[in-house]
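Each remark here refers to the structure printed beneath this line.
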């Protein structure tokens, strides 16, 4: 028992995606580039919203929160993954593993709730535009954002606590790219039925419930859009929601596939690839989606670049 406890309190070994050196170097270069683009893209979105007064609206307040969540989620997983690509020993200390699980799970939960909040914001904007500023006032937006962060964090704290109370015996090899909850639970040398039930309940509360709220919001939004007589009016209403709907499809689609079926035993490689997609592609794509598909953001970019160009010209004349 003493030996088992020493193993448990020491470190885990992350098996990662591949043991081939050339593959690991290629993945390192690719994921490093994607991570830098993610950090830069989300930072620029937050900066742009901060600098442009036209973007000081509820929608962009929530988008700021989403960008912070995205870059934080990527940071909780990708730097560790990059280090392991170039390291011969791919160990992660017990406390670091627990911290990684907590932050990644918390930030994932926060994002799902936040996307539901953003769907409600779009619902009010399309279905009750005359009262939008009255309903989505600053106090409500702040409370909704705080509720998103608190609910995700509390859920993660509970999940992380019950997961790391499981006896792991001498198992220390995590067949995953990070300390992901399903991968850690599989290390247990006891029956994990109660943990799997907790994961399903958590999925229902912080994944399926927000998903159905998003679904209901968009049913109402689509119903309202179809009642608009002018083609231009329908197009404008649709573009109001297009960016958010694209992000919702990416985020909920990949996660629902992974976490609502802990008993179905999908392939380990499939789980790794889905986790990698969620940690790298989605945080990188979100600012691009909101920039390319949003006229207000594109207008703000043009204005900012114009001001920067004008300032550069003045400095050049001097």
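Glycine too: its Cβ is placed from the backbone N, Cα and C atoms.
TrEMBL: automatically predicted annotations, no manual curation.
TrEMBL assigns the feature transmembrane segment to residues 273-292, out of the candidate ranges 273-292, 293-312. Here the transmembrane segment (197-219) has long-range neighbours at 109, 112-113, 115-116, 119-120, 122-123, 151-152, 155, 158-159, 162, 181-182, 185, 241, 245, 248, 252, 255-256, 259-260, 262, meaning same-chain residues at least 6 beyond its ends whose C-beta is under 8 angstroms from one of its own.
Cβ atoms under 8 Å from those of the transmembrane segment (61-87) belong to residues 14, 16, 24-25, 27-28, 31-32, 34-35, 38-39, 42-43, 45-46, 49-50, 96, 100, 103-104, 107-108, 110-111, 114-115, 117-118, 121, 141, 144-145, 148-149, 177-178, 247, 275, 279-280, 282-284, 286-287, 290 of the same chain, restricted to positions at least 6 beyond its ends. Per-residue confidence over the domain 'G-protein coupled receptors family 1 profile' (41-290) averages 87 (mean pLDDT, predicted model).
Outside the transmembrane segment (25-49) by six or more residues, the chain places 17-18, 55-56, 60-61, 63-64, 67-68, 70-71, 74-75, 78-79, 81-82, 85-86, 280-281, 283-284, 286-288, 290-291, 297, 300-301, 304 with a CB less than 8 A from a CB of the stretch.
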